[in-house]
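Written below as structure tokens is the structure these notes are about.
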Amino acid sequence: MLHSRAEVKPAGDAARRTGDREATWPHNASIPNNLVAGVGTPYSDDFKMTASRAADRPRDYPHRHLLGIEGLSPADIVGLLDRAEDAVEVSRQVEKKRATLRGRTQINLFFEPSTRTQSSFELAGKRLGADVMNMSVASSSVKKGETLIDTAATLNAMRPDIIVVRHHAAGAVHLLARKVDCSVVNAGDGIHEHPTQALLDALTIRRNKGRIEGLVVAICGDILHSRVARSNILLLQALGARVRCIGPSTLLPVGLDRFGVEIFTDMRKGLDGVDIVMMLRLQRERMNGSFVPSVKEYFHFYGLDREKLALAKPDALVMHPGPMNRGVEIDSEVADGAQSLIREQVEMGVAVRMAVLEALGSHLPNT
Amino acid sequence: MATAHPPILFNNARLVDPATGRDGHGSLLVEGAVIKDLDWGAVAGVPEGAEIVDCGGHVLCPGLIDMRAFVGEPGAEHRETLKTASEAAAAGGVTTIVCMPDTNPIIDDPAIVEFVQRRARETAIVNVCPAAALTKGLAGKEMTEFGLLQQAGAIAFTDGARSVTNAQIMRRALTYARDLDALILHHTEDPDLVADGVMNAGERASRLGLAGVPREAEVIMLERDLRLLRLTGGRYHAAMISTADSVDLVERAKDAGLGVTCGVSINHLTLNEFDIGDYRTFFKLAPPLRHEDDRTAMIEALARGTIDVVVSDHNPQDVETKRLPFADAADGAIGLETLLSAGLRLVHNEQVRLPALLMAMTSRPADLLGLPQGRLARGAPADLILLDPDLAYTLDARTLKSRSKNSPFDEARLEGRVLMTYVAGRCVHRYVE
């Protein structure tokens with residue numbers, strides 16, 4: 001018998017624990033549709049039970065996973081941001097430990113190295129009382145597809161409650177989410193989405209500007225290869241910001257003009273009247289003539305220095321998802337300057353991840 | 001300085017303005033470095049102290065802009081320097097040269113662009129606009145710093161006599177160039193199809209026992225580029241086309257609204273594969289001289305305006321690189337000094353009208369390059385030539401100003417001579433019998 005979590009009712013849940021699943025699942029190549037339903041889309045019907053139980057809670061997060069910003073409603077996003085505000089307070093106390101996820105197991109499964117995101121998720125889980133295990137899988141030893149599913153099956157058998165996944169291939173996290181019974185958080189899949197980054201960026205903006213609606217946000221640099229940009233475009237637009245994308249055409253994805261953003265290839269023009277300047281990292285291998293001619297030229301035309309920043313609004317704020325390439329996309333003077341929110345973004349990262357884990361945790365079965 | 005020279009009145013001239021196509025009797029006044037005034041018909045009032053030039057009814061038109069010239073400086077000064085190239089240009093009525101980046105060092109760095117400009121300012125008597133390399137080291141692998149090179153003064157981007165074979169790199173270069181509104185000039189010859197070929201593939205090559213270059217080497221590369229251009233947008237100029245099929249491709253791309261233009265060399269308008277005769281290496285060119293049908297197609301395309309510009313493809317080679325068996329000899333012919341005289345053959349044969357020929361050598365290249373030259377208009381730079389289109393002569397290559405003498409027109413009978421050349425209001429060449 002196979003059940004999606006959506007179908008889990010007390011009786012079904014009991015069945016799940018009988019062990020018949022282990023006998024069938026790894027050998028069964030075709031996973032029924034009801035197990036994959038709703039990936040990336042709201043579980044409107046599937047979570048009726050949970051939803052009705054939490055009907056009085058305005059922050060209810062009606063999804064089993066967080067796979068992307070796509071599929072989240074503005075209310076979902078605002079709910080997460082509100083939760084994160086509380087988490088900021090928790091993180092600022094001496095006693096940072098909560099029992100929200102006590103007894104729960106969180107696995108951080110990173111197929112791509114990431115110090116910042118992984119440690120942020122680890123701290124967030126620990127502050128909520130979960131047992132956190134870090135699994136780093138060197139990408140070279142992974143042979144994609146089959147192995148990813150094997151890994152999912154193996155992990156699933158360990159009965160985690162939440163798996164946080166980063167993978168170099170777009171859609172890999174979605175694939176994994178279909179193969180496990182627990183909740184899955186996308187910590188970055190290829191150049192597709194990085195939802196917690198977008199959430200922490202939104203939280204940082206909201207705390208500094210008091211709102212997101214009506215702000216003009218410029219996302220600058222390597223949009224083409226940026227999951228951060230994709231998630232941010234979706235989230236900021238959902239909350240009513242005006243998004244601009246600035247970069248050389250070689251670093252802009254095809255069809256970007258249909259994302260509802262304003263596109264500028266001249267950064268000086270694009271920064272005019274901007275409230276938030278969001279810089280993106282440019283990978284070193286893309287700087288030497290393949291996508292842009294050189295670091296020197298890139299910095300000259302697209303690096304954020306004091307002179308270019310002066311073209312934005314006087315109270316414009318600067319963000320960067322990190323890690324920064326100083327002197328490539330951003331000048332140190334700006335990165336460390338008074339208008340920079342880059343440090344604060346890191347703090348908000350932990351808070352937002354606590355909020356996400358807590359929101360997902362509220363749906364975890366208690367029996 | 002401009003103010004040091006008195007105004008010059010060109011009287012009794014046949015003014016030909018290629019930008020408007022206007023051709024008629026008139027006079028023109030130059031003050032300083034610019035055209036102050038011009039008058040179709042009646043003679044303008046003579047300013048005090050003006051130098052008066054009686055044009056004797058000859059053609060007064062803008063100086064030529066040659067979009068493709070190889071100059072040996074820096075690196076091969078024994079073949080040509082900016083100075084000697086500019087003297088040849090002035091004698092041929094060319095007042096602006098776009099020089100190719102195939103130098104040593106290669107013009108792929110802003111500092112080299114600045115070096116060439118400085119050398120030109122110091123030594124050249126006509127305008128020199130360096131085109132920068134499209135890819136670093138002309139290696140076809142990584143794009144150059146288009147933005148910084150453009151700011152340094154690079155007028156366009158090209159790998160000169162080489163083609164970028166990697167379509168992805170060409171695509172990115174076109175995409176990146178579009179942001180800067182930069183013009184890409186591309187030599188369209190697939191090197192793998194050219195292989196060992198040294199002349200147009202066909203009966204003639206087979207009889208001579210020479211390996212042929214199929215037309216497809218050009219057509220396939222051109223078609224690829226046009227497909228990429230459809231994807232990327234931007235401004236693309238096929239540097240030199242040589243086949244009837246290429247004309248069709250460009251025509252269709254233009255009809256489809258793509259930002260494409262193309263050029264043809266004077267050699268492909270006036271010579272064909274039979275001129276190679278007895279293995280004459282001065283006729284070894286890239287792309288190779290084609291069949292007479294292709295040449296005719298080039299002329300018709302020029303007359304229709306499908307071909308935008310005519311270039312000299314000036315490429316100085318010396319004895320060491322040319323006095324070799326045909327297959328071993330270097331490609332290229334000099335042409336700055338004979339560009340206009342050779343082009344006038346088409347006018348005398350009534351295949352192209354004079355304003356149309358001049359347009360492809362003046363106002364069209366000026367438009368593509370964003371230069372203010374190439375037109376007879378108030379305020380335009382006074383880069384002018386006085387031309388006697390009927391003056392006949394037999395070319396003696398030894399008298400050419402170029403340091404290299406590899407002219408395919410040696411001992412050819414030509415009609416039409418530049419009598420005087422002015423650059424920025426100053427006389428830089430005067431014909432003496």
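Cβ atoms are placed via backbone N, Cα and C, with glycine included.
Per TrEMBL, the range carrying the annotation region 'Disordered' out of A:1-30, A:91-120 is A:1-30.
Together with A:ARG116, A:THR117, A:HIS194, A:GLN197, A:GLY322, A:PRO323, the carbamoyl phosphate site in TrEMBL holds one more listed residue from A:ARG83, A:ARG166, A:ARG343, which is A:ARG166. Same-chain residues with CB within 8 A of the center of the A:ARG116, A:THR117, A:ARG166, A:HIS194, A:GLN197, A:GLY322, A:PRO323 CB atoms, the carbamoyl phosphate site residues themselves not counted, are A:SER114, A:SER120, A:ALA187, A:GLY188, A:VAL228, A:PRO321, A:GLY349. For the domain 'Aspartate/ornithine carbamoyltransferase Asp/Orn-binding' (A:214-359), the DSSP counts in helix, strand and coil order read 59 helix, 24 strand, 63 coil. Distance between Cα atoms for A:ARG227 (L-aspartate binding site) and A:GLN197 (carbamoyl phosphate binding site): 9 Å, as a whole number. The binding-site residues examined here are A:GLY322, A:PRO323; by Cβ neighbour count within 10 Å, the least packed of them is A:PRO323. Neighbour count (other Cβ atoms within 10 Å of the Cβ, all protein chains): 22 for A:ARG227 (L-aspartate binding site).
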